[in-house]
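Everything on this sheet refers to the single structure shown next.
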Amino acid sequence: TPLPKIPLFVLGVVIFSEPLTSTILFPFIYFMVTDFHITENEDEIGFFCGLIASSFFFAQFCTSIFWGYMSDRYGRRPILLLGLCGSSIACIFFGLSNSLAWAIISRSMCGLLNGNVGVAKSMLGEIADSSNQSQAFSLFGFAWGIGMIVGPFLGGYLANPAQTFPEIFGDWEFFIEYPYFLPCFVASMGGVVGFLVGYFFLKETKGMRGGVLVETNDKDIDDDYYNNTSNAIVQQAPEVGLSPLSITTIVAYSMLALHSIVFEEVYALYAVTPVVSHGLGWTAIQLSTSLACMGIVQLVMQFVVYPMLERRFSAVWLFRCAQLMYCGVYISFPLIRAFVVDESDTETGGQLARVRYLVLMTLVFKYLCSVFSYTSVMVMITNSSPPHLLGTVNG
């Protein structure tokens, strides 16, 4: 079945703004904490970076089910627009951080006010049917991948503009006092654009099945909707609440998000930490370039590799294979640091060509696993969830 182009485009613009605001800090978070002058011990900086990064996800963890429930009750569109406003305002506040407390509060506010990832997945599940689910959820990966390219790129190249672009911003006291405001402000504008596009063009999808509005009672659910054998998932409609399969899928998704997000946060610190402190000693620009390259890789994997394999194998099979591949990826990074980095060269030992190539090659496999895992688990969650609880389950 052909997918509706206009709703997909509008939803893609909205989804794009999410990773833009969430990844903008990766290239400069280490340097921001250093500028707070909390500690002189470089080995302790990673701990404070972790506090800032985890505050967003902990706050989102506390409210994501609430926002999913609210979208089930009041509709997807208003919750999505509210989340875009909240993330944009919080991103600007984060750019004004001049202390650890301010940074943690602003990132927490961003997480508290933002449940858009789950709501966007629910909307995609409602405009797609069993024949085009993989294509619809590939849009999520595509828009997310573009945001993953632009976010780190902006974060690395626009951070500390008074030093990076002295001919333009060198005399601006504001950018000297708040060196990380510019990338955060630009990222927040992505959320503003997403809000405007969503406000004028995004239509409500709550109550739809396959893009068609269905009049039904919450408990009067069509068994055929659950007997969806696409991607080897078969689920009978429960009378009340969630089925064991839905709960199992949620747990699998939680574990995937746990180890994947931990890696992404650790990688950002690992790359910019000096060699003498057991990192690679990369600059913010080098880190942002590596992440932007992986965004491009993710697009290729999403639209070329995954569809080819999805036609031959089930979503469950691809998800399982990706989890096994993750193990090799995570083991590779400390091995690169142990056997390839020149310990005696504390300035450029982690920037050698062979180190960069091995890191990028390992990242390619990591993002291959991410595409397989996240796309497959989104299909699995949608197929196992009752329509009247789809927003709550995705939350």
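Glycine residues also receive a Cβ, built from the backbone N, Cα and C atoms like all the rest.
Curation plays no part in TrEMBL annotations; they are all automatic predictions.
Note that the structure is a prediction, hence the values are computed from the model and not measured.
The feature transmembrane segment is assigned by TrEMBL to 7-33 (among others).
TrEMBL lists 7-395 with the feature domain 'Major facilitator superfamily (MFS) profile'.
The transmembrane segment annotation in TrEMBL covers 45-67 (among others).
Residues 14, 17-18, 21, 24-25, 67, 70-71, 102-103, 105-107, 109-110, 112-116, 119-120, 123, 178, 180-185, 187-192, 194-195, 198-199, 202, 391 of the same chain sit 6 or more residues outside the transmembrane segment (79-96) yet have a Cβ under 8 Å from a Cβ within it. What TrEMBL lists as transmembrane segment is 79-96 (among others).
Sequence annotations record features per position, and here TrEMBL assigns transmembrane segment to 136-160 (among others). For the transmembrane segment (136-160), the residues of the chain that approach it from at least six positions outside its boundaries are 3, 8, 11-13, 15-28, 31, 120-121, 124-125, 127-128, 179-180, 182-183, 186-187, 190, 284-289, 291-292, 294-296, 298-299, 302-303, 306-307, 371, 374-375, 378-379, 382, judged by C-beta separation under 8 angstroms.
If you look at the transmembrane segment (180-202), the same-chain residues 6 or more away from its ends with a CB under 8 A from one of its CBs are 6-7, 10-11, 13-14, 16-17, 20-21, 24-25, 28, 32, 77, 80-81, 84-85, 87-89, 91-92, 94-97, 147, 150-151, 154-155, 157-161, 169, 174. Here TrEMBL flags 180-202 (among others) as transmembrane segment.
According to TrEMBL, the transmembrane segment annotation covers 250-272 (among others).
According to TrEMBL, the transmembrane segment annotation covers 284-305 (among others). Sequence-distant contacts of the transmembrane segment (284-305) (same chain, at least 6 residues past either end, Cβ-Cβ under 8 Å): 23, 26-28, 31, 138, 141-142, 144-157, 159, 268, 271-272, 351, 356, 359-360, 363-364, 366-368, 370-371, 375.
Taken from TrEMBL, the feature transmembrane segment covers 317-337 (among others).
Counting residues 6+ beyond its ends, the transmembrane segment (357-381) has Cβ neighbours under 8 Å at 121, 124-125, 133-134, 137-138, 140-141, 230-231, 233, 246, 249-250, 252-253, 256, 260, 263, 267, 271, 280, 290, 293-294, 297-298, 301-302, 305-306, 309-310, 315-316, 318-319, 321-323, 325-326, 328-329, 332-333, 336, 340, 393-394 in the same chain. Look at TrEMBL and you will find 357-381 (among others) tagged as transmembrane segment.
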Next on the checklist: For the transmembrane segment (45-67), give me same-chain residues lying six or more residues beyond its boundaries with a C-beta closer than 8 angstroms to one of its C-beta atoms, as numbers and ranges.
Outcome noted: 22, 25, 29-30, 33-34, 36, 38-39, 79, 83, 100, 103-104, 107-119, 261, 265, 268-269, 273, 391-392, 395
Checklist entry - Same-chain Cβ contacts of the transmembrane segment (317-337) under 8 Å, 6 or more residues past its ends? => result 232, 252, 256, 259-260, 263, 267, 270, 278-280, 306, 309-310, 350, 355, 358-359, 362, 365-366, 368-370, 372-373, 376-377, 380
